[in-house]
Structure formats: C-alpha cells, structure tokens
Amino acid sequence: MEGTGPSGCSGEDFEQDAETSVPVAVRRALELLEKDDADLRIQAACDIRRLTKRSRCCRRQLRHAVRPLVSMLRVDSSESRESALLALLNLAVKDEKNKISIVEAGALEPIVSFLKSQNPNMQEYASASLLTLSASATNKPIITSSGAIPLLVKILRDGTPQAKADSLMALSNLSTHSDNLSIILETNPVASIIHLLKACKKSSKTAEKCCALIESLVGYDMCRTALTSEEGGVLAIVEVLESGTKQGKEHAVGALLKMCQSDRCKYREQILREGVIPGLLELTVQGTEESQQKAHTLLQLLRESPNPRSETEPDTIENIVCNIISQIDGKDEQADGKAKKMLAEMVQVSMERSLRHLQQRAAIVCNPSDLSIASCVSHVSLNL
C-alpha cells in the first residue's frame, strides 16, 4: 500500500509548490478545470474527488473549484455531470462554507433535476448530495424552495435502497426547520417511512432516522392518522423502542408519547396493544436521561387514570405497571404479581447486560481464564 501524506493525499500529491505553498496536485486540478478540453475537466473533477475524499485541508484549498464544477453539472454529458457531482459531494462533506458556496453557485437546480433521472446512479448521487447540503441550516429553506421535498419522498417510495436511505436522511435534516414540516406532510410520506422502517434492522441508522422523522411529524393529526392506518406502523416504532440505538429509542418513545399526549383516549389502547410496556420499563432503567423521562411520562399516560396517586399509594413504576396490567387482564391480584415479575425480569436483564459489559472490558486487559465472569453471571442469576 502506498504511503499517504498528513492530509490523506499520496506523498507525490502532497508535495508543496515552493512559491504558493499549495500541494502540486491541488494547483494542477484547479488549472485543468479552466481548460476548454472536456476530457481534461473531467480528469480534474476526478482528481478533486480523490484529493478531497479524506482531506479537510484539500477541501479548503479547492474551494475555488466550486463554480467551475457547478457549471459542469449543466453540460450535456453524463460523464461530466457525474464526475462534477461526485467532486462537489466530497467538497461539501464536513465543510460548512463549501456547503453554502455550492448552493450559492446554483447547484440546486441541476441536482434536483437529477432526482428525476432514469439513471439510478444519478438519483443516488443527487440524494447523497442533498443529504450533505441539507446539513447546513442556511441551506435548508433554499433546498425546500427548490422543490426537492416531493422528489425526495418519491425516491423514498420508488428509489434504490441507497437512494431511499439518503433521501430519508435528507428529509430528516430538512424536518428540523419548522417551516418544512407541513410541506413534508403534504407529500404523504408516512407510508413510505413506515415501509422502510419495517424492512430495516431496528438498530440501524436508517431506523433511527425513520423514528426521528416520525417524531417530528407526529405532532400533526395527518401524520398520526396515516401512521395508525398503516398496518404494523405503531408496532415498528415499538420494536425500535425495544432494540434500537440509544438515539433511536429516544425518538421512538418521543413519537409514542406525542401521540398519547395529543389524544390519550384515541391512541392509548393502540399503543398498549403492541406490547410497549417491557420496552418502556427497560428505558426507565437504561435509556438516556431524556428517554427515561419520556418513558416514565408515557407509562403514566397509559394507565387507567393519568392523574397521580395519593400519598398512601405512591406513584411508583410498580404501581403504574400494576394498574396497566389490571386493565388488560381485569384481575387485580394477578396484576400485582405480574407487575412484580415484569419488574424483576427487567432488573435481571439490566444486571446481566452490565455484567456482560464488564466481561468485555475485562477481556481486553486479562486472559479470560484469569477472571471467570461467566460463572459470576450464573451465580447471580441463580440467586435472584
């Protein structure tokens, strides 16, 4: 493997021009972009893509390439458009100034048009570009006004798996601008989001972004109606609450809480029916600080009465769960026992996970034969 310089360029690429203190490869790429020869400009775009792939320094030094690359997006040549778009994509990664410059240079019009392309690769590159550009707060309203949102939702429904994932994340970025929520909702995206959520691994980044987008939209009645009308929609969110990433669980419980707060009588039974209680109990023990609070609040709303108990009957998790189970089973004596058993199981799961974490850490610093944590787990389990 060839060595690389401190900016991620090869040793030859990173040689400095004695007069300008700019890497030779950077200066050469900028010069080639100004040529009238289309092939040389394509070569320059390919070089820029390579130079900026891992180098933040090169992204800064190649900022003047933005306008000529944007002009290449309008050339009637698929090779020119593709090479320029990929170069711009790398220039925008982790560089706020370049993100803004690319939009200011007029890149959105051709990029949005590529979302309509019959070429799946161009759709993917355009979706990825909008994902990156939409990370800038300055760009969000401009992207919305370009008409990108309906096309992103269409790709979310009909695109390739990669284009769907990138479109979802672009929409999630755009949803953080409050004015965009109603525009996104008008495109009826909920069914497509739920289909993607049901199909993906619940611990994936895709599931996390699906729940983030739903949490943003579920404050609107139109979203809640679409979500509950979609078979398995609420269940998919509950599954993320149970086995998603920490952020995914936080968004999932947030979405369910917003639903219940909007109309407790309407949504309480639907949420309970999907077996949400074990996941909520686990969150009260192991979730982020915010998800713990949301889980506790949702548990309170799911019981028969949302009002706190009297001082003689404290508002504990056990009492809340007992109340919920009694409503499901209709047998108070059995409900109390089930609540205690469920809580005990959650404590057991929490302890076992903590011990597995200790085991993994111990394995890094000592030989497993020196510290048999597995036997410790068995001993603890037998004594609970």
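Every residue, even glycine, has its Cβ placed from backbone N, Cα and C.
Residues or ranges marked as domain 'U-box' by TrEMBL: 111-305.
For the repeat 'ARM' (64-106), the model's pLDDT averages out at 96. The repeat 'ARM' annotation in TrEMBL covers 64-106 (among others).
If you look at the repeat 'ARM' (106-148), the same-chain residues 6 or more away from its ends with a CB under 8 A from one of its CBs are 70, 73-74, 78, 81-82, 85-86, 88-89, 92-93, 96, 99-100, 154-155, 159-160, 162-163, 166-167, 169-170, 173-174, 176-177, 179-180, 183. Residues or ranges marked as repeat 'ARM' in TrEMBL: 106-148 (among others).
Look at TrEMBL and you will find 147-189 (among others) tagged as repeat 'ARM'.
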